[in-house]
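Trainee: Sharing a structure below in C-alpha cells format, with a few things to ask.
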C-alpha cells in the first residue's frame, strides 16, 4: 500500500445517497465494506465526517440564526453521522471507535490525540465527530487538523465528483479536470476543493490531498494503493 495511515474525509451529503435529507443505510454499508477491505490489508484509517445531510451551520446562519449557535448544531449533526458510520463499520467486521470534540461520553470517547493514535496502531478505525469543537471552522478544516495531529500520510476527500476542475463541471461541460496540482494553485485559483484554512493546513504540514469519486466501487482501495485516480494536490506536482 502506498499509504500506511490515511485520513478519509466524508461529506454528510455523501451519506444521503439519492435522498434530499438524512442517511441512506445502503450507502453507509457500501462505504463500510470498502473501508473494511482496506483495513484488512493493514492500512490505518481515520474518518472525519460532515453533517450537511442533517444541518449546515452556514445555512442556519443565513436564515438568521446566531452563527456560533448554528455551527454547534452542525457539530452535533456530525456526531449522529459518526455513530451511524460506526454501526455500519462494526457490522462489516471493523473494530471502530468514535471520538468527539464535544464531550458526550455516553455515546463516544472524548477526542484524545494519543488515544486516537493508539486505536489506529491496534487496527481500529477512528471516526472523528463534533468538528474541531469550535464554531467558524469547517469539517474540511477539521480533517486537515486531525490529519496533522495523527501524522497521517494523506487526506482523502471522497466526494460526488471525480476530481478537481478549473470550474464547475455541472455548469460547464468543457471544464478541465486536473490530474495533479499544487496547494498554491488551489489557493490562487480559489478552486472549490476545501476552504482555504483546510488547504493551508495541509500545505504547511506537507500532507497531500487526493480528491476522488466516493461512489465509484473500489476507489478507496485504489487511492490507498496509490493508483492514479481523481486529483492529487501537493506542494509539488
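Backbone N, Cα and C atoms are what each Cβ position is placed from, and that goes for glycine too.
So Swiss-Prot lists the following for this protein:
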{"type": "BINDING", "residues": "9, 10, 11, 12, 52, 56, 159, 165, 168", "note": "ATP binding site"}
{"type": "BINDING", "residues": "51, 71, 132, 133, 134, 135, 136, 137, 138, 139", "note": "UMP binding site"}
Trainee: Would you find the one among the binding-site residues 51, 52 whose Cβ has the most company, meaning other Cβ atoms within 10 Å?
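Mentor: That would be 51, with the most Cβ atoms nearby.
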Trainee: Can you tell which of the binding-site residues 9, 159, 168 lies nearest to residue 132 (UMP binding site) in space, using Cα positions?
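Mentor: The smallest Cα gap between residue 132 (UMP binding site) and any of the binding-site residues is with 9.
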Trainee: If you draw a 10 Å sphere around the Cβ of residue 159 (ATP binding site), how many other Cβ atoms fall inside it, taking every protein chain shown into account?
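Mentor: Looking across every protein chain shown, the total is 20.
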Trainee: Please identify which of 11, 134 has the densest Cβ environment, defined as other Cβ atoms within 10 Å, among these binding-site residues.
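Mentor: Going through 11, 134 one by one, the largest Cβ count within 10 Å is at 11.
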Trainee: Would you mind listing, in sequence order, the residues at least six apart from residue 9 (ATP binding site) in the same chain with a Cβ closer than 8 Å to its Cβ?
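Mentor: Listed in sequence order: 47, 48, 49, 50, 139, 140, 143, 155, 156, 157, 158.
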Trainee: What same-chain residues, at least 6 away in sequence, bring their CB to under 8 Å of the CB of residue 136 (UMP binding site)?
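Mentor: Looking at Cβ-Cβ distances below 8 Å from residue 136 (UMP binding site), excluding near sequence neighbours, one finds 67, 68, 71.
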Trainee: Give the distance between the Cα atoms of residue 11 (ATP binding site) and residue 51 (UMP binding site), rounded to the nearest whole Å.
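Mentor: Here the two Cα atoms lie 7 Å apart.
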Trainee: In Å, how large is the greatest distance between any two Cα atoms among 9, 10, 11, 12, 52, 56, 159, 165, 168, the listed binders of ATP?
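Mentor: Greatest Cα separation within the listed binding residues comes to 24 Å.
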Trainee: Among residues 51, 71, 132, 133, 134, 135, 136, 137, 138, 139 annotated as binding UMP, what is the maximum Cα-Cα distance? Answer in Å.
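Mentor: Max span of the UMP binding residues, Cα based, is 15 Å.
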Trainee: Any idea what the Cα distance is from residue 138 (UMP binding site) over to residue 52 (ATP binding site), rounded to a whole Å?
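Mentor: If we compare the Cα positions of residue 138 (UMP binding site) and residue 52 (ATP binding site), the gap is 11 Å.
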Trainee: What's the CA to CA span in angstrom from residue 51 (UMP binding site) over to residue 168 (ATP binding site)?
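Mentor: Residue 51 (UMP binding site) to residue 168 (ATP binding site), Cα-Cα distance: 23 Å.
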Trainee: Test of understanding: give the count of other CB atoms lying within 10 angstroms of the CB of residue 132 (UMP binding site).
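Mentor: Result for residue 132 (UMP binding site): 21 neighbouring Cβ atoms inside 10 Å.
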Trainee: Please report how many Å separate the Cα atom of residue 134 (UMP binding site) from that of residue 52 (ATP binding site), as a whole number.
Mentor: 17
